[in-house]
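Heads up, the thing below is written out as structure tokens.
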Amino acid sequence: MPLFGAHMSISGGLEYSIKRIKQVKGEALQFFSKNQRQWKIPKFTSKEIELFLNEYTKWGNYPLIIHTSYLLNLASPDKDLYQKSIQNLIAEFKIATLLNVSYIVTHPGSHRGKGIKLGISLLANAIIEAFEKVPEFKGILLVENTCGAGNLLGGNLEEFALLKEKLLDIKIGFCLDTAHLFGFGYDFRTSLTYQKLKQKIKNYLDLSNVKLWHLNDSLCDLGSKKDKHFHIGQGTIGLKAFSFIVQDKDFQNLPMIIETPKDKTLSSDKKNLQTLKQLAKQVRSK
Ligand SMILES: [Zn+2]
């Protein structure tokens with residue numbers, strides 16, 4: 001069975017993200033190490049780190065994932081923004097090391113009209129620099145697919161094959177987001193279309209490089225290049241598509257994170273996670 005979890009806020013303190021994931025019985029946790037719309041790099045005190053790690057041990061050794069800030073553009077042709085983005089990624093590598101986080105997820109960025117080739121080169125160099133500057137980070141950087149709006153890289157999965165070629169010695173992984181796949185134009189609502197998508201994942205990413213799924217239903221149409229997450233089974237993607245992924249033997253032990261709309265009591269998260277667990281269980285009775 002996959003490890004189903006959710007993105008949680010660190011509001012109140014880092015350790016509250018773990019209290020929240022425990023509350024919904026999640027088995028994987030993703031969080032922003034800071035306000036995702038600000039550049040400011042947080043300085044955690046040793047006390048804060050200790051509280052987090054204590055809470056983590058109590059919860060269990062489940063996968064931890066940091067999602068980088070939305071402000072980053074690791075493919076930006078603008079030198080200042082590019083440098084700022086790299087410095088921020090380096091900071092996340094350091095934070096992840098302190099907090100025992102194995103995965104950092106980042107979006108590939110936008111080439112801003114300068115072309116996919118240049119964008120991928122810039123992205124690859126940014127990744128190389130981050131690994132060089134923080135050799136103590138032993139986790140994996142995961143690049144997430146996007147809905148491919150405007151000049152966003154990573155809509156077409158073929159671009160990740162180019163990225164892999166540029167990162168010879170560095171082992172990265174990939175995070176696949178269902179709402180982004182669907183928004184870009186990959187259909188996987190029938191067994192046949194799911195198999196076709198999987199073949200593309202195999203060809204361009206290699207199945208073993210998929211380390212994380214973001215499971216989100218969508219409010220946008222197939223190929224709309226739009227991205228609005230919704231509750232599992234209640235959007236344009238539908239329940240059946242999710243059953244293919246969670247029941248797929250190639251993805252059985254992976255963390256799968258929901259980034260669906262939240263309410264104060266986290267009851268929607270609880271419900272979405274239950275839905276996914278039930279879908280995953282169905283395969284056993286087959
Ligand atoms: Zn996502």
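Cβ atoms are placed via backbone N, Cα and C, with glycine included.
Please treat TrEMBL annotations as automatic predictions, because they have not gone through curation.
Here's what TrEMBL has on this protein:
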{"type": "BINDING", "residues": "HIS67, HIS107, GLU144", "note": "Zn(2+) 1 binding site"}
{"type": "BINDING", "residues": "GLU144, ASP177, HIS214, GLU259", "note": "Zn(2+) 2 binding site"}
{"type": "BINDING", "residues": "HIS180, ASP227, HIS229", "note": "Zn(2+) 3 binding site"}
{"type": "DOMAIN", "residues": "20-269", "note": "domain 'Xylose isomerase-like TIM barrel'"}
Neighbours of HIS67, HIS107, GLU144 excl. site residues, C-beta within 8 Å of centre, Zn(2+) 1: THR68, VAL105, THR106, LEU142, VAL143, CYS175, ASP177
Candidates near ligand 1 among the binding-site residues HIS67, HIS107, ASP177, GLU259, judged by a Cβ under 6 angstroms: ASP177, GLU259
Intrachain C-beta neighbours of HIS67 (Zn(2+) 1 binding site), sequence separation six or more, cut-off 8 angstroms: HIS7, GLN30, PHE31, PHE32, GLN36, ILE104, VAL105, THR106
Cβ-Cβ neighbours of ASP227 (Zn(2+) 3 binding site) (radius 10 Å): 20
Other same-chain residues whose Cβ falls within 8 Å of the Cβ centroid of HIS180, ASP227, HIS229, the recorded Zn(2+) 3 site, in sequence order: CYS147, ASP177, ALA179, PHE182, GLY183, ASN216, SER218, CYS220, LYS226, LYS228, GLU259
Minimum Cα separation from GLU259 (Zn(2+) 2 binding site), reported as the residue among binding-site residues HIS180, ASP227, HIS229 that achieves it: HIS229
DSSP three-state assignment for GLU259 (Zn(2+) 2 binding site): coil
For HIS180 (Zn(2+) 3 binding site), the three-state class that DSSP assigns: helix
